[in-house]
Structures are given as C-alpha cells and as structure tokens.
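Notes follow the structure.
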Amino acid sequence: MDLISVLPSASKSCVCLHKPLSSSTHKLKPFCKTIRILVMPRRWEFARPSMSLSTVASEDDIQRRTGGYLSNLWNDDVIQFLSTPYGELAYRERAERLIDEVRDIFSSMSLEDGEFSDLIQRLWMVDNVERLGIDRHFKNEIKSALDYVYSYWSEKGIGCGTKSIITNLNSTALGFRTLRLHGYPVSADVLKHFRNQIGQFVSCPSETEEDIRIMVNLYRASLIAFPVAFPGEKVMEEAESFSEKYLKETLQKIPDCSLSREIGDVLEHGWHTNLPRLEARNYIDVFGQDTKNMEPNRKTEKLLELAKLEFNIFQSIQKTELESLLRWWNDSGSPQITFTRHRHVEYYTLASCIAFEPQHSGFRLGFAKACHILTVLDDMYDLFGTVDELKLFTAAIKRWDPSATDCLPQYMKGIYMMVYNTVNEMSAEAQKAQGRDTLNYARQAWEDCLDSHMQEAKWIATGFLPTFEEYLENGKVSSAHRVSALQPMLTMDIPFPPHILKEVDFPSNLNDLACAMLRLRGDTRCYQADRARGEETSCISCYMKDNPGATEEDALNHLNVMISGVIKELNWELLKPNSSVPISSKKINFDITRAFHYGYKYRDGYSVSSVETKSLVMRTLLEPVPL
C-alpha cells in the first residue's frame, strides 16, 4: 500500500533549512569476502497482544498505516513491584570474600596441579569463570593461565599436562577456542592431527560422558572460525559438521540430565547468539551437576556460589536502572506514540546480556533509549508518516534546533524532541567518559540513518524496487546498527580515541559487517510481515528481481550463505592477531551484533516479542537464581 503524501495545511508552507556539519555524509563501503526470591506482583499481568494490521484515520484526516504490532508486555506495575534483597551489603561482602577465594584457587594451581594435568586444569578454570559470567574479576589470573598454556602450545596441540606424552583432542579443542578468543595466534591446522583416515575426529563407540564432552568442546571450538580463504580454516567446517551431527545424535540417546541440557544450549545458541549473561544463567543450572564436571569440590562450590551471587546482585542494579528507564520513557511522551512498538524493556535486557559490569549503566540505558527511538522512527518512516512529512522531519533533524518543530505535524513534535534531548544527553555522558565532545560526530550518524530511511520511504511510496546491491548499501545504514552502538559505546570506561574509533565505528570493516549482518538477518525474518504491511522492498524481493526465475527459497538460501560468510568475517575482525586495536575495544560492537542476531534467531523478536524475547527478559532480568 502506498503512503499518502498529504500534509496538514499548517505545514505546507513551512520550509526547514538545516545547519551543515563539517563532516560529509558517508556511504558505507561493501563488506569483505532456602533464599529470598525476587518479590513480584501476585500475578504477572501482561498487556494483551494485538497483531491485526490496520489503516487508521488520524486527527488530520489522513489515512495512515499501522503495523498491528504486539503491544507492550511490560506495564509499569511489573517493574515498580520488583523487589530483591541482593542489594544489601551482606551479599556484596560475601561476594568479595568469594572473589578472593577464587583468586587463591588460581594462584594455587601452580602448586597443586601435577605436570600431567596442569594445562587442562588452567583451561578448565578459565573456561568456567567465563561461562559463569564472573571472569571480569580475574583478568590478570586468566592472562597468566593462558600465557602458561600458550607457552606449551605446538602445531599438534597439547596434552592434559606439560609432561603428557601425547596430545589430547579435548585439551587441544578447549585450548584452541580459549586462546583464539583471547587473541593468541593459533592455527586451525592443529585440529587436522585428530582426524582418522575417514575424516572422523574421534571414535567414540562407548559414548561415555567424557567422550561426549570432547565433542562439546570440539563443536564450541569449531564455531570460532575465520573465513575459509584463510589457511587451515577448512578444517573448522569439517569439525563443526562432524561434532554437530554427533551431538544431535547423542541427544536422542541419553536421558534428560544436566549434560543433555548443556548440549542443547550449546547447539541452540552456538557462538553468535550466545549472549554472555544468558550463557551464564543457563550454565549455572548445569555446572557441577554431573560427576565428570566435578573437579575438586572446593573449586566447583566456590565458583558456583560466586556466580549465583553475582547474578542476583546485578539484578538489584537492574531494578534501579529499569526505574530510571521507565521515567525516561514516560517523560519523553512515548506512551502517547500509539502507532509504534514499545520494546524499551527488551532492548535494556539485551544490553544487560552483553555488558553486565555494574559500571556500564550508561551503556545499558543508552542502548535501550537509542533502540527505542530508532524503533519509533522506523515505524514512522515505514508506515505512519507521509513522504512530505518525513522530508520535513529529516530536514528538521539536520537543523538540530527545537524551533525546527514549528515545521512539523503535531505528532512529530514530541518525537523530534525525544531524539534531540536524548542524543544531547548521551553526548554529555560520552564527553565525561571520553574527555571530548562527540555531539557533531553522533549527529552525522543520526542524519545518515534518517537519510537512508527517507530513501526507503520513497521506494515504498512509489513501489520502486532497487537492485540488490543498491538496496543492501542503503539498508546497511537504515539497519541503524551504527547509531544504536555508537553513543552507548562511547559512555563506557573503554577509551575510544579517534584512531581507535575509526577502527570500530565507521568507516571500519567491523562496522560495515555488523550493519550488513543486521540488515541481512533482519530481512530474512521480517520480509513476509513487511510485505503484508505494504513494504515490498527487501533483500529477498530485490534478489529475485535481479535473478529472474529465482524463488523465495533461492533468495533465502543465498542470504543465509552470505550471513555465514559475514559471521566468519566478523570473527576475523574481532580476533585477528597483531591488531592495533585491543579486542576489548572491538568486543562491545561485536556483542551488539550478537544481541541483534539473537533477537532474529527464530523470528522478528522485536515485533513478536512474546516468545524468545519474553523468555530472555524473564530469565535474565526478573527471575533470581536459587542459592
């Protein structure tokens, strides 16, 4: 359905001129080849979903399209009635004592572990503190342990200990994964030494728990793959195929237990949708439950207690931040914007799942606010606004002056001020963290994003279908990945001087790939619903136009191949050895990609938020872990 390009009479004569910025509008380059529990209301009361598509007449008598999206699931009462005891000092003091005790465990490894198990013991500790979500407390200990392991690394891998006579697939797979994730230069060729003549990585006729865990670690290692064009990386695909098949068959044979649940989690979330806090929540439930996972009890018990306490203590921080987010949401006039999706709680949850260090409150709140605003703008440009109104709004944003609202229809005035005030506030937060003014830099990113939305609105209004390449180049900008990441990222205690920022943000390949990932994955999940709302333009339709005779299935297969390639390119950009940019500086942008990918794993989780996304909120935000 075409948008109706009719302006209210009061707006027709208004001309908005914008103040130019010093930097020029960019175009993205193409991407490369018991306890007390959380006290809640007696009953959860979720707003009832509505999925009907409709056309409504606004106050100015213009027929406007609305998306019929699911309404907001999280009303004020759900948040305001949250209560948790874990903000009390006693819990924090206990956590601090446990942190010291775990440090002692790291320190004692050099004394207690024999030379036939010293390597696997160090890898076991590093892997488990990371999977349990408590690694931020042990950065020095982790580096020391991995330096030790790497000093014994060979082209054939490692054994369980420094005195082991032969190398071991379990130690090598776990070591390869952990070392690569921390930036050590390790080649995938090492896995070739564990294949037999028919391509099997290990023969497991008994299918013991130990054998199964070897395959779990091989599968986890295989997902940290670089593009196959790199030497040795072909074996990663073979390892993934072999171990995935083995684990899926194993799930059909073994009883329901913590090991089967661990396998299920690993297979379901892999690497690119395995958000760190969600992984921690899932792993807490299975850690230490199987006897083969029970290293000396002191280690397991201390790690598990600390992980549970840390998880619950952070929920007390989340409660305070959610209250702040709700105040912003109400004060910004968001409840009165009825044509859009309201997913501020879901976006906050995603931010909390990738940056749950207490000091990163600015990132979590900034990400939730930016994504909420971008969702409002997306629905306004795609559905509710007319082309002429949207031209006025785009020009008004470029003026960056509250008086620019004089040009706008009434419903746009509040949206404009929400953008204006929030971007300015985030810029002030970024200036505190980075020590320099980044407002003009951020404004340029927002302007580019709205220009790309404007282009899509024109395509929708005229029914024009661009080429696949033209659509994708514009779509990488309109995906809004850059805008959602930029300002929240700059509020963190990670330094982003200009020479580092350009390697993480535009014009870096990391940024280009992240934008491409969001556009490609989003279109594969949204194109049918978008088409039902009158939005014909998508990667799928443009590919089919460029390739006469191609079916939707052909287009989806092509996009999925592209997505697989982008994932490996992203891995390389994050982890390539000898990079001038620390992994910590790139990791947050990379993790934002993982968060968006999670939302689109099975469906458009931002429009249909009552399934996986709702479960994520419940599991990581609202439900505490029993101690």
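We number each residue from 1, going along the chain as drawn.
Glycine residues also receive a Cβ, built from the backbone N, Cα and C atoms like all the rest.
Shown in sequence order, His453, Ala480 are the residues of the chain, 6+ apart in sequence, with a C-beta less than 8 angstroms from the C-beta of Asp378 (Mg(2+) 2 binding site). If you look up Swiss-Prot, you'll see Asp378, Asp382 marked as Mg(2+) 2 binding site, on the strength of similarity to another entry.
Taken from Swiss-Prot, the feature Mg(2+) 1 binding site covers Asp378, Asp382, and the record attributes it to similarity to another entry. Annotation note: Asp378 (Mg(2+) 2 binding site) sits in a helical segment as assigned by DSSP.
Residues or ranges marked as Mg(2+) 3 binding site in Swiss-Prot: Asp530. Counting every protein chain shown, the number of other Cβ atoms lying within 10 Å of the Cβ of Asp530 (Mg(2+) 3 binding site) is 23.
Residues or ranges marked as motif 'DDXXD motif' by Swiss-Prot: 378-382. Same-chain neighbours of the motif 'DDXXD motif' (378-382): 67, 69, 339-341, 390, 393, 412, 415, 450, 453-454, 456-457, 460, 480, 530, 533, 535, counting only residues six or more beyond its ends whose CB sits under 8 Å from a CB of the stretch.
Under the heading transit peptide, Swiss-Prot lists 1-52, citing sequence analysis as support.
According to DSSP, Asp530 (Mg(2+) 3 binding site) is assigned to a helical segment. Take the CB of Asp382 (Mg(2+) 2 binding site) and look out to 10 A: across all protein chains shown you find 22 other CB atoms. Per-residue pLDDT, averaged across the motif 'DDXXD motif' (378-382), gives 94. The two recorded residues, Asp382 (Mg(2+) 2 binding site) and Asp530 (Mg(2+) 3 binding site), have Cα atoms 9 Å apart.
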